[in-house]
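Undergrad: Just passing along the structure, written as structure tokens.
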Amino acid sequence: MRKEWVEKRKKDSVRTQMYYARQGIVTEEMEYVAKVEGLDPELIRKEVARGRMIIPANINHLHQKPMAIGIAAKCKINANIGSSALASDAAGEVEKVKVCQKYGADTIMDLSTGGDLDAIREEVIKHAEVPIGTVPIYQILHDCNNKIEDLTIDKMLEVIERQAQQGVSYFTIHAGFLLRFMPLVAKRKMGIVSRGGSLMAAWMMHYHKENPFYTAFDDILDICRKYDVSLSLGDSLRPGCLADASDDAQLEELKVLGELTLKAWDKDVQVMIEGPGHVPMNQIERNIKIERDYCHEAPFYVLGPLVTDIAAGYDHLASAIGAAMAGWYGASMLCYVTPKEHLGLPNAEDVREGIVAYKIAAHAADIARGRKGARDVDDAMSDARYKFDWNKQFELALDPDRAREYHDETLPQDVFKEAEFCSMCGPKFCSYKITQDILEKHGA
């Protein structure tokens, strides 16, 4: 849908959404986002220019539908997919893309680490109408035959540009983890739980040199500026357990991410900040406020956070609790967690479960923040329930298939779609029906 929009800007020296916004130009992408969000296009432009909102939209992903991540927009969710060395199948990842889009993921990250990574990514982008994000260090390591000591800045930049050419709309870059933070890591209960962060630690300790993503950050920005790839500044030192939440390692890295944010903005590159992780409920609001302060109000993109460490098999629920709170306090995007978190590679059904849990969290946050129209669908659902309009209830549910499936387990016949009861209460104990009968008999 963006082919004509991108083509007419082909001769512009800079083609990032932030650049145009700062020039006072409302792009077609901004117009599209404004309609979807129900906001004024000029507000979208101002938020993008200020850095409080990003529109991740690589100039080479032409069939992508524009979307916005920022405090003024609806709370978004990201779904992770990707192969591993033990399970690498492009068709399987495409199936996950379809599930992600069916159930409402706003962005998708391809975290593949096994198989033909370029081919998998190409298929993922081809089938995606939402922005695709990646973590380039995974392919960099893959292309170095899994020998982190063979990583060079030239190899790093080559992979980053290759992925940008393919149409990746945002990169997680682990540039804020500096060599001097290693003593802080040693004090932790669980050390480093970020894959990218642990790889950077291994490289830095092998060479006793500074993080190459940090030293080559200007070169990375040049690539992002060329293709309008947004940066998702990775939290290599996010807490992986409640005991490590809000510690010095996490917060010192966050300060560096704030410095890198300003560098990116100097080159008109859009930025969001990645956040924890595992955080007790009583620390979530503080984490949001600290990010806003340290990182100049750049959009905050959080993984959960999980509010307990003992929910294995149900981490999508433990994290959705924290995600709803984070969204309420000001996080702009929530990275989903599936039931397989900490246990294994998620399949398509796990992806569905994670997305729906996070759609609930994001929607709850939008209602709590008073976003315009957020509660309209809830009010419509209430009307449908009170009227016993079963088909309308299924239609309005975040997961219509699951709602219908559960109803039909006990009352599958079509006649029960007109019934004024469900199998929970039956025809004699339905509170709605009893209330309606009272009002009909005695008046309101």
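Heads up, the Cβ atoms here are built off N, Cα and C, so glycines get one too.
Computed from a predicted structure; not experimentally measured.
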Undergrad: Asn80, Asn282, Asn287, Asn347: which one does Swiss-Prot list with Met109, Tyr138, His174, Ser194, Arg195, Gly196, Asp235, Ser236, Leu237, Arg238, Glu274, Tyr301 for the substrate site?
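TA: Site partner of Met109, Tyr138, His174, Ser194, Arg195, Gly196, Asp235, Ser236, Leu237, Arg238, Glu274, Tyr301 for substrate, according to Swiss-Prot: Asn80.
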Undergrad: Other than Cys422, Cys425, Cys430, which residues of the chain come within 8 Å of the [4Fe-4S] cluster site, judged by Cβ distance to the Cβ centroid of those residues?
TA: Phe421, Ser423, Met424, Gly426, Pro427, Phe429, Ser431, Tyr432, Lys433
Undergrad: In whole Å, could you give the widest CA to CA gap in the substrate site formed by Asn80, Met109, Tyr138, His174, Ser194, Arg195, Gly196, Asp235, Ser236, Leu237, Arg238, Glu274, Tyr301?
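TA: Farthest Cα pair among residues binding substrate: 20 Å.
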Undergrad: Tell me the coarse DSSP state (helix, strand, coil) of Gly196 (substrate binding site).
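TA: DSSP assigns Gly196 (substrate binding site) to helix.
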Undergrad: Could you list the residues of the same chain, at least six apart in sequence, whose Cβ is under 8 A from the Cβ of His278 (Zn(2+) binding site)?
TA: Pro239, Gly240, Cys241, Leu242, Asp244, Ala245, Gly304, Pro305, Leu306, Asp309
Undergrad: When the Cα of Cys425 ([4Fe-4S] cluster binding site) is compared with the Cα of each of the binding-site residues Asn80, Ser194, Tyr301, which one is closest?
TA: Asn80
Undergrad: So of all those binding-site residues, His342, Cys422, Cys430, which one's Cα sits nearest to Tyr138 (substrate binding site)?
TA: His342
Undergrad: Would you please pick out, from the binding-site residues Tyr138, Tyr301, the one with the fewest other Cβ atoms within 10 Å of its Cβ?
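TA: Tyr138, out of the binding-site residues Tyr138, Tyr301, has the fewest neighbouring Cβ atoms within 10 Å.
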